[in-house]
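According to TrEMBL, the protein has these features:
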ACT_SITE  GLU296  active site, proton acceptor
ACT_SITE  TYR383  active site, proton donor
BINDING   GLN134, CYS135, GLN136, PRO266, TYR267, GLY268, GLY269, MET270, GLU271, ARG563, LEU564, LYS565  peptide binding site
BINDING   HIS295, HIS299, GLU318  Zn(2+) binding site
DOMAIN    463-607  domain 'Peptidase M1 leukotriene A4 hydrolase/aminopeptidase C-terminal'
Amino acid sequence: MAPVTDPSSFASLTKCVTKHLNITYRVDFDSHVIQGKVALTIEVLEDKFSSLTLDTKHLKIIKVTANGQEAQFTLGSQHSFKGTPLEIKLPFELSRGQHVIVEVTYETSPKATALQWLSPEQTAGKKQPYLFSQCQATHCRTMVPCQDTPSVKHTYYAQVSVPRELVALMSAVRDGQEPDPSDSSRIIYRFRQTVPMPSYIIALVVGALENREIGPRSRVWSEKETVDQAAYEFAETETMLKTAEQLVGPYVWGQYDILVLPPSFPYGGMENPCLTYATPTLLAGDRSLSNVIAHEISHSWTGNLVTNKTWEHFWLNEGHTVYLERMIGRSMESEQFRQFKAIGGWKELQESVNTFGANNPLTNLVPNLHEVDTDEAFSSVPYEKGFALLYYLEELMGGPEVFMGFVKSYIQLFAYSSVTTEEWKSYLYTYFKDKVDILNKVDWNSWMHTPGMPPVKPQYDTTLADACIALCQKWVKAAEADLAGFSEADLKALNSHQVIEFLALLLHEEPIPLSHVKRMQEVYNLNAINNSEIRFRWLRICVRAKWEDAVPLAFKMATGQGRLKFTRPLFRELYNFDKYRDEAVETFLKHRGAMHPVTASLVAKDLKVEQNQSTGF
């Protein structure tokens, strides 16, 4: 097999591999830094081994030892987004198969992109500060010097010292707590992760957290202001876990807890093992909650257990996870529901392709990420183009039951390892060896390595979408005289998933006139709906129609939470409304300091704001 090269990492991947991390952290809220020490147990892959390179970014390296002996180190030159290679010379030589413990003492920087430090005012409780990490894809190197690549998997143990009124959590099983012997105002929390995992799912959270039990292996964690609502909203977690286990085999991570984060968290969810992160936008009576949790649960197999070898193969994580998430939906709801969600996914893919441009190589299923910042490459392409390919193959190979047989077998074969698209495809051919002639007819090059929409559009069952399509077309075709023919009964006939779809369809049409949007508010009262998936699409429709009354509501939603899915498109719509372009930039600059670093840098790019403009960022 060809040696691993990861364009997003500086680490020596062919010379050695990390097997275990032992992390000691002291979290300092006053200076916004973590004082850290990490002992990496490293297995040597070549003879005459005496040096290695680790990934770091914005880290202050204080000392390095190897098996207890001081080791020389140098920091290479800083790359704009990949960080700085840490080059370590060992005071001895090792042979293939031997192990060495390399210990690095260091401090993180207040500008570490993995970490967001929240002031008490940015939390629900308003009394205590809060810290959370988000390492995917390449930010772990800002909080741990490591081989920051999904091709390397290791276990970890951690001890975290925090102020005693706060609670620490990690993506691991809790292993007790004790007073900090060096400081009576602090407490040390311990964590143990015994399943090998990549660095991007190391996670740390510190805050005034409470928990409620929601199942035999699950608790929900959040600030006390939202914990009871979260426990109510996530009550179906165990049912989903059991459904997933029936589809793909046992859940191997022990605990499955959910943490509801403060509003600035940039994603819908994050599949950190033992501790799924969830956005608080799910708590606003949002029916997409079940999709997000089904998606993150599915990652326990596709992503965390079987992992993309580099970020160029990210679709292996996300395409399979969307496929599994929708299979869970099929088991818990119906096949028609799965088809309906697939139709919505195709539209999200279309929107990403429109945003990037149909010839943009980042819309390839397998993009080339040489000198590409993974944050800027992030979109729905690996999710929905990946799902579309798997659904297309499902139809060719004989239906959902037949294809789930392959997915389960693929997970069992590659569990605890990392894979490339070629390895996945090779196993697909092995598993379906009696259908190779059909697989050979697939236009693999167009699916994998060609930008834009897929070469084949699956024919999804439109039963649940038909009412949405009909209502959308009625609005699009309505003349002024027809507006009286709409009534609140139109929307009462749809469930919340269908309302989202109706609004999504309207966003794919030319903007409807302002008179229509005002009438829509009059009969449907969409401004009163708190479901964030509905509200976000509705406000985009309003801003596109140049309805000035909606502008303050759009600014409020764009800045009141930080989920990229909502914040970026809302800011883009406001920026494209000429009259409010300057206000969009001013509002962003005013709120940038409270935003997650990834959100801030991507919105700045959208609004063509220089990174160093105003608020010293």
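Cβ from N, Cα, C; glycine included.
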Counts of helix, strand and coil residues, the domain 'Peptidase M1 leukotriene A4 hydrolase/aminopeptidase C-terminal' (463-607), according to DSSP: 114 helix, 0 strand, 31 coil
Between GLN134 (peptide binding site) and GLU296 (active site, proton acceptor), the C-alpha gap once rounded to whole angstrom: 15
Same chain, 6+ residues apart, C-beta under 8 Å of the C-beta of LEU564 (peptide binding site), given in sequence order: PRO266, TYR267, PHE378, VAL598, THR599, LEU602
Within 10 angstroms of HIS295 (Zn(2+) binding site), Cα basis - binding-site residues out of GLN136, GLY269, GLU271: GLY269, GLU271
Cβ packing number for GLY269 (peptide binding site), 10 Å threshold: 23
Chain-mates of HIS295, HIS299, GLU318 with C-beta within 8 Å of site centroid, Zn(2+): GLU271, GLU296, SER298, THR302, GLY303, ASN317, THR321, VAL322, LEU324, GLU325, TYR383
Listed recorded positions GLN136, GLU271, TYR383, filtered to Cα within 10 Å of the residue listed as 'active site, proton acceptor': GLU271
Alpha-carbon spacing, GLN136 (peptide binding site) to HIS299 (Zn(2+) binding site), which is rounded to whole Å: 13
